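K.L.:
Pasting a structure here, questions to come.
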Ligand code: NAD
C-alpha cells in the first residue's frame, strides 16, 4: 500500500491538468475537481479520479492543491459550506498554487488555522510548457515545516523551489515575476516590430539576440509565437491583466514606484479592452503593431 499522501486537486485548467498528471506519473493518487467535464475526463484517462464536488475531492485528502484563476475563485473554493475548509480533514495541508493577492493568502492561512488546516502559498512561473515539463519555478510563502512537508510533491512539479518568507511572500515574489515577464514581452514585441519594419530577417535576428545579453526565457519560449503570430494561450492576457493589478497595488502599498510597469499594465489593459483578453500574453505584439499603424 502506498505511503504517499492522498492528493486532491482543485482547478484543472491550462496549468492544473499537466501538473496533476505529473503527480500521477510520480505515483501519487490524485482526486480532482474542476468546472469543465472534459478536464475531469482527461484526469481520469491519466489515472486519476474525477470527483463530483469539492467536498468529495477533499474529504480523504492529506494534501489539497488549488490552481484556479484569481483571488475570488480561491475564496469561492475555500469558504462556505461546500468549500475546502468545511470539508477537509483537520491536519490537511493546502498548497495554493494560484497567482492571487498576498492578502488573500494571508487571510486564507489564518482562517484555515482555525480549523487545524495548514496552508502555504506556492504560485509558479514557467508557463504551460514549464508545467508539462515539470520544470516550474515555485515561490513559497508559509511555515518552514509545511514547506518541508510539501517539498517532495513540489519537486514532482518544478525545478526551482524556494521558501521566500511568511504567508503571502510567495505571492509577492510572483507579482514581481509578472512585472518582469510583462516588461520583457513588451520589449521583445517592440524589437520585433522595429526589426520587421527595417526589413531584417526576423528569425535570424531573434536567434542572435537570444545568444547575447538581450536573451531571455521569454524570448526562447515566445519566439515562435512572435514569428507565427500564434497567440493561442499559454498565459491569457486576462490573467496578466489581473497580475499587473496585483503588482501595481502591492507596490503602491509599500511605496515602490513602477513607472515602466505602469505603462505596460496600461498596454495589457488596452489589449483586453480591444477584445484580445483570451489570447496569449505574447499578443502584446498586436498592441505594438497597432500603435505602429497596422489595421489588425
Ligand atoms: P485556466 O483558466 O486555464 O484554469 C483555471 C481552472 O480553474 C479551470 O479549469 C476552472 O474550471 C477552475 N475553476 C475556476 N473556478 C472554480 C471553482 N469554483 N471550482 C472548481 N474549479 C474552478 O487558468 P490557468 O492558466 O491554468 O491558470 C491558473 C492559475 O495559474 C492562475 O492564477 C494563473 O495566473 C496562474 N499561472 C498561469 C500560467 C500559465 O501560463 N497559464 C503560468 C503561471 C501561473
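Each Cβ is built from the backbone N, Cα and C atoms, and glycine gets one as well.
All TrEMBL annotations are machine predictions without curation.
For 174, the entry in TrEMBL reads active site. Residues annotated as domain '6-phosphogluconate dehydrogenase NADP-binding' in TrEMBL: 6-165. Annotated domain '3-hydroxyisobutyrate dehydrogenase-like NAD-binding' per TrEMBL: 168-287, in sequence order.
Could you give the neighbours, burial and distances for every feature on this list?
P.N.:
Around residue 174 (active site), the C-beta neighbours below 8 angstroms that are at least 6 residues distant in the chain are 99, 123, 124, 125, 139, 243.
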K.L.:
Restricting to the domain '6-phosphogluconate dehydrogenase NADP-binding' (6-165), report the mean pLDDT as a whole number.
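P.N.:
Reported value for the domain '6-phosphogluconate dehydrogenase NADP-binding' (6-165) is a mean pLDDT of 98.
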